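Asker: Please read through the structure below; I'll follow up with questions.
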Amino acid sequence: MTNIRKTHPLIKIINNSFIDLPTPSNISSWWNFGSLLGTCLILQILTGLFLAMHYTSDTTSAFSSISHICRDVNYGWIIRYLHANGASMFFLCLFIHTGRGLYYGSFTYLETWNIGIILLLTVMATAFMGYVLPWGQMSFWGATVITNLLSATPYIGTSLVEWIWGGFSVDKATLTRFFAFHFILPFIILTLATTHLLFLHESGSNNPSGISSNSDKIPFHPYYTTKDILGLTLLLLFLMTLTLFFPDLLGDPDNYTPANPLNTPPHIKPEWYFLFAYAILRSIPNKLGGVLALVLSILILTCIPLLHTAKQRSMAFRPMSQCLFWILTTDLLTLTWIGGQPVEHPFILIGQAASILYFSIIIILMPMTSLIENKMLKW
């Protein structure tokens with residue numbers, strides 16, 4: 001008798017994706033982050049669902065409903081902090097996952113890479129809207145500042161901002177629609193993630209060497225399921241440590257003050273995972289220029305396959321490109337630090353230098369270095 005997992009129409013799909021999937025035998029722990037992202041997404045949807053049962057999307061009661069969740073709801077505090085810190089874990093895994101794709105040349109799978117970029121943008125939009133929901137000072141002013149950036153759009157800017165706000169300022173209409181979008185977007189992300197996986201399984205996984213692994217593949221289960229469980233254990237250990245011992249470490253103290261349109265916080269800044277883009281935005285004195293740089297800081301990822309001039313796919317055997325990659329990583333960490341600093345000397349100058357370096361590495365230095373390495377291969 002044939003095994004049901006190989007014949008049943010529905011179970012067969014799961015079998016071909018997670019059990020009998022032919023996988024390269026040499027993929028390292030950097031390939032763990034796909035499954036970790038899936039886990040983070042499920043965790044966020046579940047905790048978010050329970051939070052939505054008690055949350056009120058009204059300007060007069062949103063802040064107190066969060067307080068009620070933490071004080072009165074059974075284990076509400078852990079659900080709230082798991083959701084908040086789960087978002088940080090999500091972005092940490094996202095950045096590592098994207099970095100791995102860049103390092104090992106996974107961007108040559110165009111459909112998978114482009115859907116990944118759409119996923120990144122969607123997750124960023126979802127996280128931004130989620131940050132507005134507690135209706136603290138940083139929620140309100142963050143929403144005001146970021147949505148106001150759209151007013152830089154020529155001709156239709158002001159109308160666009162007022163359309164998004166649902167009025168002439170960030171108010172009840174804005175909060176209600178942000179809650180609606182924040183609820184629906186994770187399910188869209190889930191659909192996109194499935195499509196991402198579908199396209200990946202069309203071509204098969206990349207591997208650290210960057211060469212075809214068709215001659216040497218092993219089944220996903222039990223080899224990589226056990227390997228993924230190790231990564232998952234470490235992720236949950238890190239998340240639970242953060243949630244139970246340092247729940248407010250990554251948050252902003254200003255968000256424990258109810259939103260007040262008449263009182264502006266001294267330093268308006270988003271969550272840590274947006275700081276690199278926020279630093280790029282602030283480094284350009286012109287409003288429209290800053291907004292374009294902000295958008296390009298993410299959309300530049302779509303150009304990476306076009307800028308790939310190397311004869312080798314992976315950076316594993318290209319030391320000069322490796323150096324540039326780690327300089328880029330350090331540059332992003334510098335931008336993250338600058339984004340959290342006040343707009344004053346010397347932070348402005350450091351931010352501008354780091355922003356120029358960020359775009360220069362991707363657009364100019366990486367393709368040039370790859371061409372030099374191609375020449376060196378002939379020697």
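In case you wondered, yes, glycine gets a Cβ from its N, Cα and C as well.
According to Swiss-Prot, the protein has these features:
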TRANSMEM  33-53  transmembrane segment
TRANSMEM  77-98  transmembrane segment
BINDING   His83, His182  heme b b562 binding site
BINDING   His97, His196  heme b b566 binding site
TRANSMEM  113-133  transmembrane segment
TRANSMEM  178-198  transmembrane segment
BINDING   His201  ubiquinone binding site
TRANSMEM  226-246  transmembrane segment
TRANSMEM  288-308  transmembrane segment
TRANSMEM  320-340  transmembrane segment
TRANSMEM  347-367  transmembrane segment
Asker: Quick check: of the binding-site residues listed here (His83, His97, His182), which one has the Cα closest to that of His201 (ubiquinone binding site)?
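Answerer: Among His83, His97, His182, His97.
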Asker: With Cβ distances under 8 Å as the criterion, find the stretch in 33-53, 77-98, 113-133, 226-246, 288-308 that has the most pairs with the transmembrane segment (178-198).
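Answerer: Looking at each of 33-53, 77-98, 113-133, 226-246, 288-308 in turn, the most contacts to the transmembrane segment (178-198) are made by 113-133.
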Asker: Same chain only, please: residues at least 6 beyond the ends of the transmembrane segment (113-133) with a C-beta under 8 Å from a C-beta of the stretch. Say none if there are none.
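Answerer: Tertiary neighbours of the transmembrane segment (113-133) are 55, 57, 62, 87, 90-91, 94, 98, 101, 106-107, 139-140, 142-143, 146, 174-175, 178-179, 181-182, 185-186, 188-189, 192-193, 195-196, 199, 270-271, 273-274, 298-299, 301-302, 304-305.
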Asker: Please report the Cα separation of His196 (heme b b566 binding site) and His83 (heme b b562 binding site) in Å, rounded to an integer.
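Answerer: One finds 24 Å between the Cα atoms of these residues.
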Asker: Provide the number of Cβ atoms within 10 Å of the Cβ of His83 (heme b b562 binding site), excluding the reference atom itself.
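Answerer: By my count, 21.
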Asker: For His196 (heme b b566 binding site), just count the other CB atoms lying within 10 A of its CB, please.
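Answerer: Counting Cβ neighbours of His196 (heme b b566 binding site) within 10 Å gives 21.
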Asker: Taking just the CA atoms, what is the gap between His182 (heme b b562 binding site) and His97 (heme b b566 binding site) in Å?
Answerer: 23
Asker: Please work out the number of neighbouring Cβ atoms within 10 Å of the Cβ of His97 (heme b b566 binding site), leaving out its own Cβ.
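Answerer: Around the Cβ of His97 (heme b b566 binding site), 21 other Cβ atoms lie within 10 Å.
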Asker: If you draw a 10 Å sphere around the Cβ of His182 (heme b b562 binding site), how many other Cβ atoms fall inside it, taking every protein chain shown into account?
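Answerer: Other Cβ atoms within 10 Å of His182 (heme b b562 binding site): 21.
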Asker: Report, as a single number, how many Cβ atoms besides its own are within 10 Å of the Cβ of the residue listed as 'ubiquinone binding site'.
Answerer: 14
Asker: Measuring Cα to Cα, how many Å separate His97 (heme b b566 binding site) from His83 (heme b b562 binding site)?
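Answerer: So the alpha carbons of His97 (heme b b566 binding site) and His83 (heme b b562 binding site) sit roughly 20 Å from each other.
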